[in-house]
């Protein structure tokens, strides 16, 4: 990892937790020794964004797990970047595979959300990744490059973007891409950014890995030159999240 790219660890709590157990998790995180050279972000369910922001140590940022593409309006059930910022959160996760595949979000919609979130001043954790049948068909690059292009077309300032590569076949399945598989895709993504955006953006943009990251798998993954951190699912609700945050130490 280039010295200019600060290691980034996001915890995606998904639709999990209640005040009591999330409060206990937050106490664990607040009491833990976290490295100063690692950026840590937690993404609680939207109902708990305010709770998390009030309880978490200020050095841990808060993200929403989703947002809509406009500021206000008759969009029942949606939240806007402005609302997310109003609660003190600084980031939003967009394009997560569960949004794509469970809720049917298209590349086009994700691109529109990315553009609006950035315009409103949020940082964006933009997710891309192939499904198992796509990997087995040998089209991993085609899929992730197409997804990345739609994101890139909607980004003016890359300093507020973290790219999260999550092979869909490794999310919540217990299967993890090998460190070599992760590095190979991350390296190709950086190459795509160099060719299609700029060398400066390619060198400075953090590309993080998501997909069944655990305390046991994180150190070797973190040692790969193009893996700049993690987007952690289930393990971010457990004390081992602290070990993952410390993967570079």
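Note: Cβ is positioned from N, Cα and C throughout, glycine not excepted.
As given in Swiss-Prot:
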type	residues	note
ACT_SITE	166	active site, proton acceptor
BINDING	12, 14	substrate binding site
CROSSLNK	142	SUMO1 cross-link
MOD_RES	14	N6-acetyllysine
MOD_RES	68	3'-nitrotyrosine
MOD_RES	106	phosphoserine
MOD_RES	149	N6-succinyllysine
MOD_RES	156	N6-succinyllysine
MOD_RES	159	phosphoserine
MOD_RES	173	phosphothreonine
MOD_RES	194	N6-methyllysine
MOD_RES	198	phosphoserine
MOD_RES	209	3'-nitrotyrosine
MOD_RES	212	phosphoserine
MOD_RES	214	phosphothreonine
Which recorded positions sit within 10 Å of residue 212 (phosphoserine) - Cα, from 12, 14, 166: 166
When DSSP is mapped onto helix/strand/coil, what comes out for residue 12 (substrate binding site)? strand
Write out the long-range same-chain contacts of residue 166 (active site, proton acceptor), meaning residues 6 or more apart in sequence whose Cβ is under 8 Å from its Cβ. 96, 97, 127, 128, 129, 209, 210, 211, 231
Quiz question: given the modified residues 68, 209, which has the greatest number of C-beta atoms lying within 10 angstroms of its own C-beta? 209
Long-range same-chain neighbours of residue 194 (N6-methyllysine), Cβ under 8 Å, sequence gap at least 6? 201, 202
To the nearest whole angstrom, what is the C-alpha distance linking residue 149 (N6-succinyllysine) and residue 106 (phosphoserine)? 13
In Å, rounded, how far does the Cα of residue 12 (substrate binding site) sit from the Cα of residue 214 (phosphothreonine)? 13
Can you tell which of the recorded positions (12, 159, 198, 214) has the fewest other C-beta atoms within 10 angstroms of its C-beta? 159
